[in-house]
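K.L.:
The structure is given below, and queries will be raised subsequently.
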Amino acid sequence: MLRTHTCGELRATDEGKKVKLCGWVDRIRDLGGVRFIDLRDRYGETQIVCDVNSEAYSVVDELTRESVVLVEGTVRKRPEGTENPNIETGEIEVVAERIEILSLADPLPFYPGETPKEEMRLKYRYIDLRSERMKRNIILRYRISKIIRDYFDELGFLEIETPFLTRSTPEGARDFLVPSRLRPGKFYALPQSPQLFKQILMISGFDRYFQIVRCFRDEDLRADRQPEFTQVDVEMSFVDVEDVLNVSEGMVSRVFKESSGIDLKVPFDRIPYDDAMEKYGTDKPDRRYGMELRDFGYAFETTEFKVIRNVLNEGGSVKGFIVPGFASEMSRKKGEELMARMKELGLGGLIWFKLDGGITSPHLKHLEKEFRKIAETENMNEGDVCLIAAHTDRNLLNEALGTLRLEIGKEHFSHLAKGFDVLWVVDFPYFEWSEEEERFVARHHPFTMPVLETLGDDYTKVRAKAYDLVINGYEVGGGSIRIHRRDIQEKIFELLGLSEEEAQKKFGFFLEAFRYGVPPHGGIAFGLDRLVSIIAGESSIREVIAFPKTGNGVCLLTGAPAEVDERQLRELRIRIEEG
């Protein structure tokens, strides 16, 4: 080994020891007769002292920041009053006898700890990863992964690898396709999840499986998504919903406790999907901001205000929420901004009033009676604001108000966004309407067990034995009890519009396995990137991934995706069409 110790290891008890340290030159200070180097590695930082009479003193002339050096010297206590309590090695320094330059650094485009634009950070990721922030995040990710592995090992789970090169089963996002050179015209697909393989492992008798696994989705990237991501994949046999939730809560609570000393309240709260949509306008609620959505229909039963009267006559709804202490912010201009936002979200507009020395509103002339009833029924206080909207589509109304609620919360009540709001959303609808495909599709995936009492030809009434884990408004995990009977699986395919021939073509190998003894089973998958980012206090998962892609799916470090050699394309019998 070139070094005897790391840069975060030496203490006052090591005084007098001869040591060798290796690391990066963080800073250089020249005080005339003595020069100081702050030497850094991933373990910490040590102050190096170069006296004017030492061989090391002149070598400092050649050094640049971020050069890599080997230092030989002797540990001594720092003079009294010069200790640095901000670093672990702050009681000592190393008096250098020799410095060897291992690698001289050119001027860097930026230095560790600086925060240039994200594009620059991603292009020179090897520099960015030297920063304390990124080092802390990457080490936290490793520790969380280890905690997860230890937890499942203690419970008798086996970590079993599943294939990366598999077949395309296009249900949901697009697959990344990999052409086969040996089988021209045929393609592998990179897995969006190990879903079918982990179910086959249950059929194979491996009743407790987990895997920390890379997954791939070729989708139009929304904010803070990655084309490749890591999930903690879990599957168990002979279980029902309660068993999966209990094991999951044990894992998540241990991760928070052992990685960061955070105690979560167990069991986690549970909210039915319908309640989440009615109260928060989303199936990923963040309850820290309060401001639950309310049905204000009671105040408008006899209203003559034309816009709302027309909506109610068509069977529509009037809903809204109270924003506490928001009156000073709620000017006419702010009201116009919020109204414009609601129109962007698909509604006709927004009605509002505030309690500011009485009821104030641009709509007061037409709706004073209704406003007074809301203020009284909802126990509004001086300074509160009430936002109201109406629409014939209750789902659209909930979603629009839910979006507005969250935006107001993040912009004006960020001080409430502390701690961790952890909950399960349960009792999901099995199907949802896809505007793009103009048909009903499985909300989770088509291997989810339906609640059999709800299974029929009315898509809107079928419920799924599915569950999502939500932390601070982010979906961190999702899973379900799986179908283990072939007749039920075939019924789901039928409801999805998959003919027997199509089902055999896409999932024949899987359906074949159903003939040979399938245990009841279920599982869940957690997004490791998101879980780590929440614990780390980072708003973007890119901050907890060593080498992430941009929002456009580009690796700025390597330039991927890139063109390939024409010869490679010919071997694969692929021709690129322009346009």
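Keep in mind that glycine also has a Cβ here, set from the backbone N, Cα and C atoms.
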K.L.:
Quick one: sort out which of 95-98, 195-198, 207-210, 327-330 is the region 'Aspartate' according to Swiss-Prot.
P.N.:
195-198
K.L.:
Among Gln211, Gln226, which residue does Swiss-Prot annotate as binding ATP together with Arg217, Asp218, Glu219, Glu475, Gly527, Leu528, Asp529, Arg530?
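P.N.:
Swiss-Prot names Gln226 for this ATP site.
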K.L.:
Within 10 angstroms of the C-beta of Glu219 (ATP binding site), what count of other C-beta atoms is obtained when all protein chains are considered?
P.N.:
13
K.L.:
Residue counts in helix (H, G, I), strand (E, B) and coil for the region 'Aspartate' (195-198), per DSSP?
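P.N.:
Each residue of the region 'Aspartate' (195-198) counted once, the result is 4 helix, 0 strand, 0 coil.
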K.L.:
What same-chain residues lie close to the region 'Aspartate' (195-198): Cβ under 8 Å, and 6 or more beyond its ends?
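P.N.:
Those are 162-163, 166, 169, 209, 211, 233, 235, 445, 447, 507, 510, 523, in sequence order.
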K.L.:
To the nearest whole angstrom, state the Cα distance for the pair Glu219 (ATP binding site) and Gly81 (site 'Important for tRNA non-discrimination').
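P.N.:
Cα to Cα, Glu219 (ATP binding site) and Gly81 (site 'Important for tRNA non-discrimination') are separated by 58 Å.
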K.L.:
Once near-sequence residues are set aside, which residues in the chain of Leu528 (ATP binding site), 6 or more away, have Cβ atoms under 8 Å from its Cβ?
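P.N.:
Once residues fewer than 6 apart are set aside, Leu528 (ATP binding site) is near Arg141, Ile144, Ser145, Ile212, Phe229, Thr230, Gln231, Val232.
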K.L.:
Have a look at the recorded positions Gly81, Glu475, Arg530 and say which one has the shortest Cα distance to His444 (L-aspartate binding site).
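P.N.:
The smallest Cα gap between His444 (L-aspartate binding site) and any of the recorded positions is with Glu475.
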